[in-house]
Ligand SMILES: Nc1nc2c(ncn2[C@@H]2O[C@H](COP(=O)(O)OP(=O)(O)OP(=O)(O)O)[C@@H](O)[C@H]2O)c(=O)[nH]1
C-alpha cells in the first residue's frame, strides 16, 4: 500500500526578484536566457595565483586591485526538451575561441561541488555536510568573453574498499578517473579544516595525479575560513607540495621578529628558483602571526643536497611512480600553482577563476554560451532535493529514499510545477522525513524550492509527498 502521508509544498515568489536581476520576472525561461548575456566584462590583467591568493588570505594587499568578474550566468532550462536543444545547438563560437576542461578532484566533502557552483555563479551541483553527495560526474560551463571553462565535478575520490563499505555505485570509483582523461588541468582540493586528512594527499589523489602526469595540476586549499591560525596554511603548503611548486623550492620560515608593537613571530614563504638558476627577485610574502616556537621550515644544510636534486627532478616534470613510491609520499611536488580560498563564502574564488581563464588554450567551444550545465533539469531537481534530505536526516536514512517525479509542467503564468514522491522503506524513516507537524518535509520543500528558483530563474512550486515503498 502506498498511501500519501505527508505533502509539503513550497511556493516562493518574492525572492525571485532579487535573484533574477538580469531580466523581468516570470518571463519564459527562453526570454530570461536572452536577457542574461554571458559575455560582458573585460578580463582583468593577468595575476599570479599563488601571490594574490596567498597575499589576500594573509592580509597582504594585492599589488593591483583585482577587478571583479561580472557574472551573468544563464539560467538552467526548465524542460528537458529545451535543455536537449541547447546541448545539441552548435556552439556560438566567437572569433578566437579558447577552452579549458578542468577536473576537480579531492576527498569526499572537500568542497568540490561548492567550488564548482561558485565558479559557475549559480548553484547546480548539490552540496551537503554528508560525504558522497555527488554521485556521478557532471559538467558545468562558464562562458566568459571568448573563453569557455568546462568544469568536471566528480564524486569524492574513494577506494574500492570504502566504496564497498558504503555500497557506492561503480561509477563513484570510475568517474573521477574518466574526468581526468578529459581534463586539460586538474584542481586538487584539500579541506584544510580537517585535522585528520589535511597534512597529506590521499593515496587515491596521488594515484590519480601520477597516472596523468601530463595534466598540469593546481593545489587548492579550501575552507581557510575555518582555520584560525593562518600560518598553518603555509605549513600545509609545504607538506602537500613536498616543498616544491612549479619546479621551484618553497621555503617557509618562522622566526621571532620584534617590532615596536608586538613580539609576534614572522612567517615567511619564499618561492625560490632551483639553486642553479636562482632568480634575483624571488617571490616573498611576509606576515606577522602567532606561530609556534621553532616552526622553522626552511632547509637545513643536511637536507639541502637531496632537496636540490628533488627540485631539479620536479623541474623536469613528473616521473613514473609505482604504487610502492606513492605509499611513502605525502604531497605532490609538481603542482604549478597554489590557491587558498573559502569556496562557501566565495573568498578568493574570483582569483582562481581569473587564473583558470588565463590557462585556456585556443580551441573550439564545446557548448553553446546559453548552457550552464550538462545535467537535465530533472537531475538538478533530484539532486537538490536529495541534498536537503541528506542535510536533515540522520545517518543512513537518506540513502534509502527513492525519488519519483510525478509531475513536471509549466503552469499558466510560466511557473514550474513539480510534484515529487519520496518513497521510504520504513515507517520510522517516514516519521523522520515528515518531522513533527510536518516541519522537516516543509523545510526541505521550502529550501529546495528556493534553490530551484535560483537555478531556473523562474517561479517554482514544489510539492513533496512522502510514501512507504510498496
Ligand atoms: N566553512 C566552509 N565550509 C565549506 C567550504 N566549502 C565547502 N564547505 C562545506 O563543506 C561541505 C561539503 O561540501 P561539498 O561541496 O558538498 O563537498 P564535495 O567535495 O562536493 O563532497 P562529495 O560530494 O561528498 O564528494 C558542505 O557542508 C559545504 O557547505 C568553505 O570554504 N568553508
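Don't overthink the numbers, they just go from 1 along the chain as shown.
Backbone N, Cα and C atoms are what each Cβ position is placed from, and that goes for glycine too.
All TrEMBL annotations are machine predictions without curation.
Keep in mind that this is a model prediction, so the values were computed, not measured.
For the ranges 132-136, 137-141, 142-146, the feature annotated in TrEMBL as region 'G2' maps to 132-136.
For the ranges 222-225, 226-229, 230-233, the feature annotated in TrEMBL as region 'G4' maps to 222-225.
Looking at 125-128, 149-152, 153-156, the stretch flagged in TrEMBL as region 'G3' turns out to be 153-156.
Applying DSSP to the region 'G4' (222-225) sorts its residues as follows: 2 helix, 1 strand, 1 coil.
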